[in-house]
């Protein structure tokens, strides 16, 4: 009996110990080893009811409840973390589907929060187009400084609007000083833009070794600056330029001429000694030199420089500021004769009707000369067949001609009358010409999109230099940008929102009162109104501020900060792989076999 009691006690003790470590038994049960465990410890296997009761005790234990609770909290925290991470820092390539915290705000705050989200979406979805550019279209707003852009935006679209190029994904600033002056002219800045080298004031297509008006230095070919137009031609690309000024004017001339003085558009304004030394005027270089002869599209004004002794009219006046040829030349005929000798398809067009009916797809070379001097301002144009084309008309026809090649093309488009309006102090005309440029940029984008060429084309919009236009006072939001800003607190005389630093007849004095004239007594919205200025001189002078550059398409991301103006030519050269970046023969062959 004593032995039996001892055995019973031992068994009871063993069962008690097992109950204390029930959680361990459940884990062992999951490995299907309960029976072996009990047997190996001298016990007997549990009945089904005993096992069920043990499991119920486990699920009610404090350890299990704490473990489950802690795991639940941890899982919830992880889910929230993942949600926040992916909503706000994760897949930013598809921002359109990304949510954000919606909060109730007063209307005056909500509108700006919504606009902020919209702009953020655009920024997060911006992609870098790293493909090699097949084509480049470079728009140059002559004299289109930052204040001009802002004023034109307000003039055309109010404060909330944007010009077409202001929607481009990439932008930067260009420093416009030239080799010898802080405030440049158009010839030197165009040389920087197109040739990648800064030149002296009023010289073009030559480097800083050529002083102004020094013919002999300009004849030294070592001083010549080659341009993107020449580089593109060497690579077999089609090239062209369109301008609303004379085709021999400073900006387009820098594409093809090498001249010591921008005034040498024809022989009439050249010194006799320069002619005797052998310097050619800009017009002759356009028609007679290699780069000019190879240009596929030439469009603008300037007949008085190409043809001697032409007559002006009310609808097409001579430009009396620039002089005109009288040596008996007819360079338009010379251009035509040369194309006939080459046996290439070509056309000369001189008005709206001829331009419109031009079969661009079956024409390789076009010379469009639409005015004796500069073209008419866009708001003054005669839209009939006898009139002058718009910048948009010329640009679209140019693209039609240039598109007839698998090699790609380079087109420069100058809105030159912005600068001309500023020089006369006519701010409304300048702003209207910016909007004409805006129309051309929109039209080109639509054209390229239709042709499925938008992504393979580098589009650039910039300016060559600024003007001294300022935006003053504290006019009400929505006020006419051409109207009054307020009243001078010292003079007691009203002043306009737009004024100039320097001006032609802009410093206006009331002789009787010996003080500044009251602009409120004039119609400041009139096309001919001259905004007031601080200083009078013979014309409004350029400004020296940086100018903006906007880009979209192939390689457009290369514009990203503050750049030297000369940087633009190097970007274009790299994007097209021309000039110093031209592909080797082997690379070109591989590119043809395996195009990217």
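Quick reminder: no glycine exception, Cβ is built from N, Cα and C everywhere.
Feature annotation from TrEMBL assigns transmembrane segment to 63-86.
Under the heading Zn(2+) binding site, TrEMBL lists 142, 419, 423, 464, 465, 542.
If you look up TrEMBL, you'll see 142, 249, 251, 414 marked as Mg(2+) binding site. Counting only same-chain residues at least 6 apart in sequence, those with a Cβ under 8 Å from the Cβ of residue 142 (Zn(2+) binding site) are 186, 245, 251, 414, 415, 416, 417, 418, 419, 420, 463, 464, 465.
As annotated by TrEMBL, active site, phosphoserine intermediate applies to 186. Taking all protein chains in view, 27 other C-beta atoms sit within 10 angstroms of the C-beta of residue 186 (active site, phosphoserine intermediate).
Taking a C-beta cut-off of under 8 Å and a sequence gap of six or more, residue 542 (Zn(2+) binding site) has these contacts in its own chain: 143, 183, 184, 185, 465, 466, 467, 468. Residues 140, 186, 190, 243, 244, 245, 250, 252, 415, 416, 419, 464 surround the recorded Mg(2+) site, their Cβ atoms falling within 8 Å of the Cβ centroid of 142, 249, 251, 414, which are themselves excluded. With a 10 A radius on its CB, residue 249 (Mg(2+) binding site) counts 30 other CB atoms from all the protein chains. In sequence order, 143, 504, 539, 540 are the residues of the chain that are 6 or more apart from residue 423 (Zn(2+) binding site) and have a CB within less than 8 Å of its CB.
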